[in-house]
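Here's what TrEMBL has on this protein:
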DOMAIN    462-568  domain 'Pentatricopeptide repeat-containing protein-mitochondrial'
REPEAT    192-226  repeat 'PPR'
REPEAT    297-331  repeat 'PPR'
REPEAT    332-366  repeat 'PPR'
REPEAT    367-401  repeat 'PPR'
REPEAT    437-471  repeat 'PPR'
REPEAT    507-541  repeat 'PPR'
REPEAT    542-576  repeat 'PPR'
REPEAT    577-611  repeat 'PPR'
REPEAT    612-646  repeat 'PPR'
REPEAT    647-681  repeat 'PPR'
REPEAT    682-716  repeat 'PPR'
REPEAT    717-751  repeat 'PPR'
Amino acid sequence: MRNGFSTLRRSFAHPLHFLNPSQTLALLRRRTNSHLRFAFYSAASTPADPASGTAAFLHQFSPSRDATDLSGVLNANERRKILVGLAKLIKRYEVSPLENFSECFRPVDVAEIMMFLESRETAFAFFKIAAQDFSPSFVVLYCTVARLLMAERFFLMAQDLLTWVVKNVGPCRSWEVVEALTQMEDCVVVYDFYVFDSVMRALMGADMFSEALQILFTMREMGLTPSTSSISILFKLLLRVGDYGSVWKILGDLLRRGTSPTNIMLNSIILGFCRKGFVNVAENLLHVMHKFGCFPDTIGYNLVINAYCMSGRTPAALKWVNFMIGNGCDPSAYTCSTLINALCKEGNMMEARRVFDGLQDIHVQPNTVIYNALLNGYVKARNIEQACLLFEDMRLKGIAPDCVTINILVAGHYRYGRVEDGNKFLNSLSQSQLLSDSALLDVSISGLCWVGRLDEAMKVLFDMLERGMPLSIYSFNSVIAAYSRAGLVSNAFQAYKLMIQYGFFPSNSTCSSMLICLCGIGWLREAWQLIEKMMLKGLHVNRMPFTILIDAHFREGDVRSAQSLWTEMICRGIFPDAITFSAYINGLCKAGLVEDAYDVLSEMLQRGFVPNNFTYNSLIGGLCDLGKLNEAVKVKEEMSQRDLIPDIFTVNMIINGFCREGRMRSAINMVMDMYRTGMTPDIVTYNTLLSAYCREFDLINADNVISKMHSSGQEPDITTYNICIHTFCSNRKISQAVMIMNKLIHMGIVPNTVTYNTILNGACGGVLDHAMIVTAKLLKMAFVPNVVTTNVVLSHIRKQGMPQKVLAWGKKLSQIGFRFDYITHKIMEQAHYDMQENIEISGEVSEKSLFLDFLMYLTYEHFSRNTHQVDAI
């Protein structure tokens, strides 16, 4: 096949037989081209079926007797590529390597087949079939294959092979690989540099850092210098695990030996420190690069700029862009897209547009990525009109949109109630020539998801895969995300498994969608198992999955697990960004651990991240919940000192805190401050004040609040009316409460469960005639009870002196799987205590008790008919 290969064949012709040596060349020769074509089309039609003809065909190259073993080794795409490659090999009648290989493992034959397959991915997939026995004798043979590939300068194939072997033998046996490669005697000269460099890369690919360092030191002793790319990879890995000492030691050793570090090496160190959150170390290294004979390039500057953008410090990022230009280094499209994306995330659309409009001045041509960043900013700011204008500008300039562009615009139309415009947009795209076939298919599937036709989207996805149409991971992510939003876990997992079967690599977006789905239904253990499974498969898991799961544990009230996950994330070398810090601080504050939240905020500031309004609002909300209102006001002032403008949420939380404490004058003063700073009270502000006055039965000031609301142009919402209804019910003025409810219905405002339960509670505690009339009205409005309704009725039954009825209804509810809350359990405990102490137990059956029993029966009947919905109530 290649010069010198006949010599190699003689040198490495010592076979080691497979466990199943029954497959021979005669069998291969009987497999005609038509059979191979049949096997290929079988793979295309049923790639996920391990018992298919394809798996059986490929099984003859595996040392395992069980053909199903291949399903865990190869995905559908890899099987298909191998089949095509072997078909080409047989069509050319080059069957001698296959003839020998069908009987035994001959390294020269394996190497020859791998080189014929040419594609690095296909060759590695073929080797994975053959290399499933990792006993010492087989390890030697695998290393022989690697040496043969290196001799023919197939270095990347050799590195893939060695990484696979090292991963499977583990750290304890990794030196078997080193010895097999370095002590091998053959008639072909293979430079020690390539051997050691390849082994070093293999160890790093298997995350064996200490073993890789030992290889590096061995090379040093032999007078060999590893490749620049190997050293760069080692720097990244050492920084990932926090071994900063080894990084500086290796760099110092390079300088002492007279070897100048390259930009690639120094940029890898800059990247490592940026990922760890030590941006100051990274920028200091940029400043001193000239001392090593290097000068900062666009990549180095971009790493620091991106780190500042990720930490929310866009002013610092802008300074670095100006510094970069001043030093004669032109910004790239990546520089500009990073900056624009960061400004859009902060909601600073004016500055983002200014940067975009100034691209021509710095000789940067806007590309699809830059347009996508600005488009996404406009859509999130709900400025769909401006987004559409920007898209038209993109089309006029001949810049082709991609699937991301279309998803941003379609999602914006559907999310903000412009479904018809979204449909028109999709139809115009399908008729235009703007998108490639692949992108158009992705967009079509995404469009079906946005309009809620999920099963249809899944069917289209499967059909396109069956036909071999060019789809991308965006199609899978759209379907998975849509099923996740709908809470359809099994469907989301079905799409996820389909993606894996067809050889698509899950992205962090895929993982996040799956986690949001699992966390949304409370399956937190399964969510963590998914993260672990992805990490075990070697998938890069960033901080986002951890952020989602930490937030979910806080929402479930499991503070300890959330804190454990935070520690786990740090231990794995995954450091939080501004979003993760903010989510963690928010969770701690809601759990009442404000002091701990302050400690995390200090760490956030030390790492150079800038807290945003959400972070500070979390702290203010936590302080208000603890009644520490003066401290909350100080934090609000601190926001202003950090150039953050307190928003309406900030002020409303403090006003609510003052109202809960009965400090109405302080609350009103805070409202006056709102006007002075140019902020206008919203419906939440007015409802907060109204609720506080109603609690104090200060109906004069309550009326004043409602008048002020009307004069300011604010329309009362259902919460406003519920507050008024609750006030009348508390004063036993049921007639007025019913009048308000009738007014609601007349105005077209739909009462919610709070309205119903408030009215029902007042009716049950009032006159029976009123109660009967109110209940009839509720039933007419298709009143749907929930756990609060249950608690209201059970509480009134107990007050009527019938604890035995309470316990009887409690037993019946538990039998149908009804979920009691804390209040229900408390009522049951009180009823049990009443039974034991014989406290005011009535033996009479009054009209009121019959009425309450009737209400309880209606509630019970509703839950009996909807047992599958109880958990959602």
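Just so you know, glycine gets a Cβ as well, placed from its N, Cα and C.
Here the structure is a predicted model, which means the values were calculated and not measured.
The list of residues near the repeat 'PPR' (297-331) in space but at least 6 beyond its ends in sequence, with Cβ under 8 angstroms from a Cβ of it, reads 263, 266-267, 270-271, 274, 277, 279, 282-283, 286, 289, 338-339, 341-343, 346, 348, 362-364, 577-578, 607-612. When pLDDT values are averaged over the repeat 'PPR' (577-611), the model yields 87. Using a Cβ-Cβ cut-off under 8 Å and counting only residues 6 or more beyond its ends in the same chain, the repeat 'PPR' (192-226) has close neighbours at 146-147, 150, 155, 158-159, 162-163, 165-167, 171, 174-175, 177-178, 181-182, 233-234, 237-238, 241, 243, 246, 250, 253, 257, 259. Per DSSP, the domain 'Pentatricopeptide repeat-containing protein-mitochondrial' (462-568) is made up of 80 helix, 0 strand, 27 coil. Assigned with DSSP, the residues of the repeat 'PPR' (297-331) fall into helix, strand and coil as follows: 26 helix, 0 strand, 9 coil.
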